[in-house]
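Peer 1: Structure incoming, see below.
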Amino acid sequence: MQRRWLNERSTHSPRIYAATPTRSADRKEGAYLVPYFILLLLIGIPLFFLELAVGQRIRRGSIGVWNYVYPQLGGIGVSSLMVCGFVGLYYNVIIGWSIFYFFQSFQNPLPWAECPIRKNGTQAIVEPECEKSSATTYFWYRQTLNITSTIDETGGLNWKMTLSLLVAWILVCLAVIKGIQSSGKVMYFSSLFPYVVLFCFLVRGLMLKGSVDGIAHMFTPKLEKMLEPQVWREAATQVFFALGLGFGGVIAFSSYNKRDNNCHFDAALVSIINFVTSILATLVVFAVLGFKANVMNEKCVVENAEKILGFLNTGVLSRELIPPHINFSHLTAEDYSEMYGVIKTVKEDSFGQLGLDPCVLEDELNKAVQGTGLAFIAFTEAMTHFPASPFWSVMFFFMLINLGLGSMIGTMTGITTPILDAFKIRKEILCVVCCIIAFLLGLLFVQRSGNYFVTMFDDYSAGLPLTVVVILENISVAWIYGTKRFMQDLEDMLGFRPYTFYYYMWRYVSPAILVVLIAATVIEMSVSPAGYNAWVEEEGSERFHNYPPWALAMAYSLIVVAMLPLPIVFIARHFNLVSDGSNKLSVSYRKGMMKDISNLEEQDEQRFILGKNPSEAPSPMPAHRAYLGPGGTQEMTNTNYGTSTKTGYQNIGSPESEL
């Protein structure tokens, strides 16, 4: 018997959710791709296959699954739910930003194409904050976020972002209630549209000046960077987010698959598609970053050339220092580099007082914007140089909204499925209540200082808790339940035995890598100052600030709250303070069972009318082996609703899977 949604079936949802990059605006660089690929092979694919298989075998949400595998570690599912909640809170804010930019894109020229002009009496001057940064940066920080200078200054609610967040939660609520599987055309469009947009952006991006420099920078190996623990931590976090590991959504979606579905093929296919998508997106990103780096480098050359002209006119520098072939009206980056080298050599003693910048393209590429600024600063600036720029902007932000909704459906499923399994409540009511509560809590992120809290939640609420959740999932199956036993279950379920590669990954390699990642994360959090990049209006740039004590306490409390269910559930069940929940049938399962029993009675009645003996009717249940208890020798039975079903304690085979 297959599990059912209350409203719709979702047999292919693992592919949709896992292929949706949650962190679509993260940094990717040459030194990052190699660790990402290695970790995808060593922990991504094996653990993604593990989650798919566990969900498909037990046919429950994240909480019910781990109650069956090992009840004392049932807190894994609750921690997954907490992480989903934290991520959903701030991630939907990003969708709100995309919605705001989407509607702003229906203008020609785009509102971030040029700096605004301020009238000062009879004079018209460029807005100083914009002049010191750029038009797209100014529009992001001032027109969109209207950001404060520190996290201590709340600044009140930003009504534009508040309205955008409300629209985002309404869209998410409707999408979760209706389900993307309810329309095949919608599913195909939402899956293929991002690839079309990315490919178009890649073709157009390659036509931009400097795009080749960005792509060359992407594929240039940087061994010194690869030795930094932070690069491996970021790569691991990206693997978790890209495949949905630890969120509970993969388990929830796979629990609706057919029992004999080839989840091994699903795991391999989704991982390959995910990696190819990452490469495609990275090419687009670095093509745009290469263009932006060239623009910023040219701006640097112009500003410093004006300084040199000033020094020449005032006699600080001799004109003999300037090579004769250099023309200041058509100064290239190579000409400036040559001139800079001559002045630095001759004026070695007083060179520092001149305040000249080297204007090296490689430096601009290395400090390229990342995180949310990648989508809302770098890409918006590139689109201003496209012909028909409003069209490209509409397509780009519509793609971001589409990707964001796909990720949020998976995140919300990781929250709602365990609750629906445990309580008798309508899915529609639960979704509406969750969205209302989330919107109210999300008002924290639409204050003028809200961007700083988005950064805090992104840094602290998911990374370490996700890694802990994933390693406990791995240990529960590989060491407590038993890898050999699990491989045998997979052979019974799939009809073939998975490769030995998975045995060694689950049992030794993946746990060891995750332990190293946890240790590296804890060490870095201990030695590195915790802080954020604050926008300084007077300078038109960002400056790193340490978190004040209250913000630091809030950041660490996110980690504690996300992981607190783990020790609480362990202690409570170790001392038998609460039921282990391993033999409790989920609400959705009981509904499905009663429906199948009703169908069976109707079939028997029809056969009786036709003169057939009901006992001759073929059983709707597939043949299965007797279910064994934890010792593996004694069959355990439980009678429910007049039907004999097999149940077990600490066993991967649940009543649902046996049916």
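Every residue number used here counts from 1 along the chain in the order it is shown.
Each Cβ is built from the backbone N, Cα and C atoms, and glycine gets one as well.
Worth saying up front: this structure is predicted, and the values here are computed from it rather than measured.
The transmembrane segment annotation in TrEMBL covers 33-54, 75-103, 161-180, 192-215, 235-256, 268-289, 391-417, 429-448, 460-481, 501-523, 550-572. What TrEMBL lists as Na(+) binding site is Asn274, Leu403, Ser407. The region 'Disordered' feature in TrEMBL is assigned to 613-659. According to TrEMBL, the compositional bias 'Polar residues' annotation covers 634-659.
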Peer 1: Let me check one thing: do the transmembrane segment (192-215) and the transmembrane segment (391-417) come into contact, meaning three or more Cβ pairs under 8 Å with sequence separation of at least 6?
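Peer 2: Contact confirmed: at least 3 Cβ pairs fall under 8 Å.
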Peer 1: Using a Cβ cut-off of under 8 Å, list the residues of the same chain at least 6 residues beyond the transmembrane segment (429-448) that approach it.
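Peer 2: Hits for the transmembrane segment (429-448): 85, 88-90, 92-93, 96, 145-148, 153-158, 161-162, 164-166, 169-170, 172-173, 176-177, 412, 415-416, 419-420, 454, 457.
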Peer 1: Looking at the stretches 161-180, 460-481, 501-523, which one shares the most CB pairs under 8 Å with the transmembrane segment (235-256)?
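Peer 2: It is 460-481, which has the most Cβ pairs under 8 Å.
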Peer 1: With the transmembrane segment (391-417) as the reference, find which of 75-103, 268-289, 550-572 contributes the most Cβ pairs under 8 Å.
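Peer 2: Stretch with maximum Cβ contacts: 75-103.
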Peer 1: If you count other CB atoms within 10 A of each CB, which of Asn274, Ser407 wins among these binding-site residues?
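Peer 2: Answer returned by the neighbour count: Ser407.
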Peer 1: Under 8 Å, at least three CB pairs between the transmembrane segment (75-103) and the transmembrane segment (460-481) (pairs 6 or more apart)?
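Peer 2: Contact between the transmembrane segment (75-103) and the transmembrane segment (460-481): present.
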Peer 1: What's the number of neighbouring CB atoms sitting within 10 A of the CB on Leu403 (Na(+) binding site)?
Peer 2: 20
Peer 1: Looking only at residues six or more beyond either end of the transmembrane segment (460-481), which have a C-beta under 8 A from one in the stretch?
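Peer 2: Counting only partners 6 or more residues beyond its ends, the transmembrane segment (460-481) has Cβ contacts under 8 Å with 43, 47, 50-51, 54, 66, 69-70, 73, 76, 79-80, 82-83, 86-87, 90, 233, 236-237, 240-241, 245-247, 506-507, 510-511, 514-515, 517-518, 521-522, 525, 555-556, 558-559, 562-563, 566, 650-652.
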Peer 1: Below 8 angstroms Cβ to Cβ, which residues of this chain, lying six or more residues outside the transmembrane segment (161-180), approach it?
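Peer 2: Same-chain contacts beyond the ends: 5, 7-8, 10, 16, 92-93, 95-97, 99-100, 144-145, 186-187, 190, 401, 404-406, 408-409, 412-413, 416, 427-428, 431-432, 435, 438-439, 442-443, 445-446, 450.
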